[in-house]
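Visitor: As listed in TrEMBL for this protein:
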BINDING   207, 243, 276, 312  heme b binding site
DOMAIN    45-159  domain 'DOMON'
DOMAIN    167-367  domain 'Cytochrome b561'
SIGNAL    1-21  signal peptide
TRANSMEM  208-226  transmembrane segment
TRANSMEM  238-259  transmembrane segment
TRANSMEM  279-296  transmembrane segment
TRANSMEM  308-328  transmembrane segment
TRANSMEM  343-367  transmembrane segment
Ligand code: HEM
Ligand SMILES: *[C@@H]1O[C@H](CO)[C@@H](O)[C@H](O)[C@H]1NC(C)=O
């Protein structure tokens, strides 16, 4: 009675096992009917590589298959003779041309900014492209950079758009896009490396969250408390302590976020987000001055207190404006899923609406007080705090 059950079980487990060891690429066929000796399912971006190595001529014929990030996007496979990442890659890039046919060209990727079409460090022939069933294919025959060197650093990538001049535009920086690299042993078919994009993405997300909470939420909220809570005589001097402790926490979190940003910047050699970086440094300086200035505050009633107030308020508003601006610049660079940007837009506009309502309310209160007692000073001068 047990035996048929066992046979079925064995068959099923064999099937499961078989489908695990048999790579998907093994079932891919090509219209040119060329059979390639080897293939692998690449670990990122749903892509595949097929190849035949000619150890006598020192060439390798490859097919790279990947789904572009959008139908009008691009795919790329490269050997990097000088490093293990994007910079230095000698790349083949394919995209859909004006007539809908695939265009494949060679590009010298000498930095994160310079993707220059033209000659590579090594010769590439028999270049061809195909586009069907949602995937693009690049065919080529590559003269291996060094004689007898059959282990190469490979880099691959997909992007969503191409300029009219035929230059691919920036790809996403998701874990898959940052981990699509590693060494490839053309003889044994073994691949390794890459995949460290995950930890980098984590670091970038931590950086983003710390800074958005600090500069983007806590600082503006603290300033709103200083501006609006003190309209109510009952909130004096409580508003001062709430304001102070909020700004100090915002500063602490902001400094942590700033530090992670500086570290990220120093880790991505050759990447320059100078705008984002410079605003970040300016924010750090302004906020540090702001915290230090509290200790140098002239007493209430001192003739310099007036100038100090102008300085303190001016710097505070500059921090809000630059902070929000830099969060949007950062979101642009990080390009997380759009819900994060939307979430921040909702938070900041809610704060904006609350500020607007309180502003109007403050003015009404101040005018009422004025008409009751003309000697009451307008908003901002109830100054009972220490
Ligand atoms: C088209 C314009 C391109 C731009 C503007 C661009 C920009 C960048 C930037 C700024 C990074 C670093 C992200 C970070 O460190 O946070 C990066 C990483 C990466 N890019 Fe590109 N890229 C482009 C094209 C390509 C192409 C054609 C390839 C394929 C050969 C590629 C493969 C990679 C890979 C594998 C990484 C992660 C590893 C590394 O940082 O080197 N990119 N890209
Ligand atoms: C690729 O660009 C780099 C930097 O501009 C340059 O040094 C190198 O010679 C270029 N490679 C080729 C094959 O032109």
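Placement of Cβ uses the backbone N, Cα and C atoms for every residue, glycine included.
Bear in mind that TrEMBL entries carry predicted annotations, made automatically and left uncurated.
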Visitor: Counting only residues 6+ away in sequence within the same chain, which have a CB under 8 Å from the CB of residue 312 (heme b binding site)?
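Guide: Within the chain, residue 312 (heme b binding site) has Cβ neighbours under 8 Å at 290, 293, 297.
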Visitor: Take the C-beta pairs under 8 A between the transmembrane segment (279-296) and each of 238-259, 308-328, 343-367. Which stretch has the highest count?
Guide: 308-328
Visitor: What does DSSP give as the helix, strand and coil breakdown of the domain 'DOMON' (45-159)?
Guide: 0 helix, 66 strand, 49 coil
Visitor: So what's near the transmembrane segment (208-226) in sequence-distant terms, Cβ-Cβ under 8 Å and 6+ beyond its ends?
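Guide: Result: 239-240, 242-243, 246-247, 249-251, 253-254, 256-258, 260-261, 280, 283, 287, 316-317, 319-320, 322-324, 326-327, 330-331, 334, 336, 340, 344, 347-348, 351, 354-355, 358.
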Visitor: For the binding-site residues 207, 243, 276, which one has the sparsest Cβ surroundings, going by other Cβ atoms within 10 Å?
Guide: 276
Visitor: Tell me, roughly as an integer, the mean pLDDT over the domain 'Cytochrome b561' (167-367).
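Guide: Overall, the domain 'Cytochrome b561' (167-367) comes to a mean pLDDT of 88.
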Visitor: For residue 312 (heme b binding site), name the DSSP secondary structure in the helix/strand/coil scheme.
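Guide: Where residue 312 (heme b binding site) sits, the three-state DSSP reduction gives helix.
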